[in-house]
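> Sharing a structure with you now.
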Amino acid sequence: MFRKAAVTTVSNGNYLQGQANGRLPSMDSGQPAQEGKVVLKKKVTLLRGISIIIGTIIGAGIFISPKGILKNTGSVGMSLTVWTVCGILSLFGALCYAELGTCIKKSGGHYTYILEAFGPLPAFVRVWVELLIIRPAATAVISLAFGRYILEPFFMQCEIPELAIKLITAVGITLVMVLNSTSVSWSARIQIFLTFCKLVAILIIIVPGVIQLIKGETRHFKNAFAGNDASVMGLPLAFYSGMYAYSGWFYLNFVTEEVENPEKNIPLAICISMIIVTVGYVLTNVAYFTTISAGELLLSKAVAVTFAERLMGNFSLAVPVFVALSCFGSMNGGIFAVSRMFFVASREGHLPEILSMIHVRKHTPLPAVIVLHPLTMIMLFNGDLYSLLNFLSFARWLFIGLVVAGLIYLRYKRPDMPRPFKVPLFIPALFSFTCLFMVALSLYSDPVNTGIGFAITLTGVPAYYLFIVWDKKPKWFRKLLGK
């Protein structure tokens, strides 16, 4: 059946590889550390936790294209309302994850919580889709934005060659992988710096916007709810876009075992981060509308650049640089967090054993980090990235909804579980309903792409029985899996 996770360890070169059967204790389990055992150290402080969440949520979207919400709502007032409501809903989801992170003190995020609540099959399907498609495609997309905007100041008068974008993107991806393989401390410090750059970039937009409001530039807010009527299908799609813009609040839960004092720091980091991001997003959109009309915003390819060109003159050249740094921060935070999901899945026996190895000197899950590099490069140079993300975007909300539903289930299944942080029951109920409603809506509004994504996700079921359950594997097949 399942390969048991390793407890005792034997030195093998630069890595420690498990040899004995049994479940690896979490860092807060109270079990004594065994001689020679190497673990991931608790280096994520409250400030680093905040930087992981903010730095991963704020990518290129708020600077480039907030027009998806405006297009589907039909008015300035309704678009600002959707931005606010999506921030509140995301806070609800983050609070649910804060409860899960303080009562289940294992890293791994979605994977770990689904495993605890519903068992190994859905947990394996989640990590299967994440490893093969979602994370490589998502990393390639955000890194392409990094490549495009880091080159923007050098190609002001002409179109940027696609090959140049992909080459600089490949360098950026490799740099992030090396950084996360080399040092937890340095990747966290750089994440703090990049988060600071993101907040500066947002302030560069918000402050001139506030000055415009003080000057009386409110003509675009008159009759704010007048305009094209939002269709019945348009408004839910606007919420879908908004929730995607806020996604990333769950990444701190991927590194729970590395958080100092998780009972206190996880809820604090989540609440502080979501308040900062929600206020920042809403005020940034308000700032846009002080200078740009709704029609102009819909025609703009990069709203922040258009806004800066009108108000800041030559200083607008700095905006693409800040956008590129913002994308780099999202790449760094995403890889730092998701590599821990693969590490934990390997530890539980759901991925090849090599992915649960830790570098002896650097104390980083190096194999779990670099496994993403070849897959991401394949996606970057050969894949139809945006189609893949469209196919599988529903899978993210399906599994997040499943995780939060699992919180409700665990309340009844394991009522005696210690819960240092506990949310009112209506919060997970409302949030899980919202997620599952968006999934159902995507099946109705875009059955072809969603159906393809659903089929790709279902490939995890035969893979589970082939790689995990099947006992009588040939010797070469077991060796391939590291068993």
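Each position is counted from 1, following the chain as shown.
Each Cβ is built from the backbone N, Cα and C atoms, and glycine gets one as well.
Annotations per TrEMBL:
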- 46-64: transmembrane segment (TRANSMEM)
- 76-98: transmembrane segment (TRANSMEM)
- 132-151: transmembrane segment (TRANSMEM)
- 163-180: transmembrane segment (TRANSMEM)
- 192-214: transmembrane segment (TRANSMEM)
- 234-254: transmembrane segment (TRANSMEM)
- 266-289: transmembrane segment (TRANSMEM)
- 317-343: transmembrane segment (TRANSMEM)
- 364-382: transmembrane segment (TRANSMEM)
- 394-412: transmembrane segment (TRANSMEM)
- 424-444: transmembrane segment (TRANSMEM)
- 450-470: transmembrane segment (TRANSMEM)
> State, in range form, which of 132-151, 163-180, 364-382 has the highest count of Cβ pairs under 8 Å to the transmembrane segment (46-64).
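Answer, by Cβ pair count: 132-151.
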> Same chain, outside the transmembrane segment (76-98) by at least 6, Cβ under 8 Å from its Cβ: which residues?
66, 69-70, 109, 220-221, 224-225, 227, 230, 235, 238-239, 242-243, 245-247, 249-250, 253, 266-267, 270-271, 273-275, 277-278, 281-282, 285-286, 289, 294, 400, 403-404, 407, 421, 423, 427-428, 430-431, 434-435
> Restricting to CB pairs under 8 Å, which listed stretch, 266-289, 317-343, 394-412, is in contact most with the transmembrane segment (163-180)?
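By the under-8 Å Cβ criterion, the transmembrane segment (163-180) pairs most with 317-343.
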> If contact means at least 3 Cβ pairs within less than 8 Å, sequence distance 6 or more, would you call the transmembrane segment (450-470) and the transmembrane segment (394-412) in contact?
yes
> Could you check whether the transmembrane segment (266-289) and the transmembrane segment (394-412) come into contact, where contact means at least 3 Cβ pairs under 8 Å with the two residues of each pair 6 or more apart in sequence?
no
> Please identify the stretch among 132-151, 192-214, 364-382, 394-412 with the greatest number of Cβ pairs below 8 Å relative to the transmembrane segment (234-254).
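Per the Cβ under 8 Å count, 394-412.
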> With a Cβ cut-off under 8 Å, give me the same-chain residues at least six positions beyond the ends of the transmembrane segment (132-151) that come close to it.
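That would be 59-60, 64, 160, 164-169, 172-173, 176, 320-321, 323-324, 327-328, 330-331, 334-335, 338, 372, 375-376, 378-380, 383, 385-386, 388-389, 392, 395-396, 456.
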> Near the transmembrane segment (424-444), which same-chain residues lie under 8 Å Cβ to Cβ, leaving out any that are not at least 6 residues past its ends?
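Contacts with the transmembrane segment (424-444): 89, 92-93, 95-96, 233, 236-237, 239-240, 243, 393-394, 397-398, 400-402, 404-405, 407-408, 411, 450-451, 454.
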